[in-house]
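Notes to accompany the following structure.
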Amino acid sequence: MPESAHHRKHFPHRAFTMKDNRSVQMDFLLPDIRPNSVQLDAGAVLLPGFALHDAEAYMLAVHRITQQAPFRKMYTPGGGQMSVAMTCCGTFGWVSTSQGYSYTRVNPFTGQPWPNMPTIFQTLAHKAAQKAGFAQFQPNACLINSYSPGARMGLHQDRDEGCTEQPVVSLSFGLEAVFLWGGLKRSDPTRQILLRDGDVLVWGGPDRLRFHGIKPIRAGTHARTGETRLNITFRFVAT
């Protein structure tokens, strides 16, 4: 598939317009009627609409990153293809191969270093982490996931970073997602948390290794991302 067509499939970058659909108008009201923060657990905080102010700047940054490192659907060690397309930026990028999961300095698909993490990404991640009580967070890895309708993420822990002292900062744009928030064991019950456009979720400390996932994305269209949910997560990888 030509790069431009592949790119449009996962990230149809376009300027925001109020005429796309009526539901978008409700998105504008959400920051005014939703709380500024929701404490989910001791080390987990939801910041509704935290990234809406500069949303188009973040979208443009993603667009530029994917020109250098296009979205790919990777394979799990068991041989199955992931339903989520992914790319990365920063010093380290996350990859899945037959040998397992790991962070690398080089994009295995292009043979080039991952694109630099934009300053606006670093600033957002630091501000969100600080608001959630993790003032020292400075990410060196950024994973960008593209969810089409039906795509999901099974329950998992984020262990590959080799550093559980630093939090994870997760940003959502586009289609809504139901986030599964579990416990420290895979068998623990999960809570369902609705994530909307511009929401930021931060977890660390005693909650850093909680199992979490995403239920299958429901079909829909969003003015910012089309038929897509974008998830941008920031981490610190130990060197």
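Backbone N, Cα and C atoms are what each Cβ position is placed from, and that goes for glycine too.
Cβ neighbours within 10 Å of Trp94 (substrate binding site), excluding its own Cβ and spanning all shown chains: 23. Sequence annotations record features per position, and here TrEMBL assigns substrate binding site to Trp94, Tyr101, Ser102, Tyr103, Asp160, Arg186.
Under the heading domain 'Fe2OG dioxygenase', TrEMBL lists 138-238.
Marked as 2-oxoglutarate binding site by TrEMBL: Asn145, Ser146, Tyr147, Arg229, Leu230, Asn231, Ile232, Thr233, Phe234, Arg235. In three-state terms derived from DSSP, Ile232 (2-oxoglutarate binding site) belongs to an extended strand segment.
Look at TrEMBL and you will find His156, Asp158, His212 tagged as Fe cation binding site. Cβ neighbours of His156 (Fe cation binding site) (same chain, under 8 Å, six or more residues apart in sequence): Phe211, His212, Gly213.
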Do any residues at least six apart in sequence from Tyr103 (substrate binding site), in the same chain, have a Cβ closer than 8 Å to its Cβ, and if so which, in order? Phe92, Gly93, Trp94, Val95, Ala141, Asp160, Glu161, Val237
Work out how many Å separate Ser102 (substrate binding site) and Asp158 (Fe cation binding site) at their Cα atoms, rounded off. 11
Determine the most Cβ-crowded residue among the binding-site residues Tyr101, Tyr147, Phe234, using a 10 Å radius around each Cβ and all protein chains in the structure. Phe234
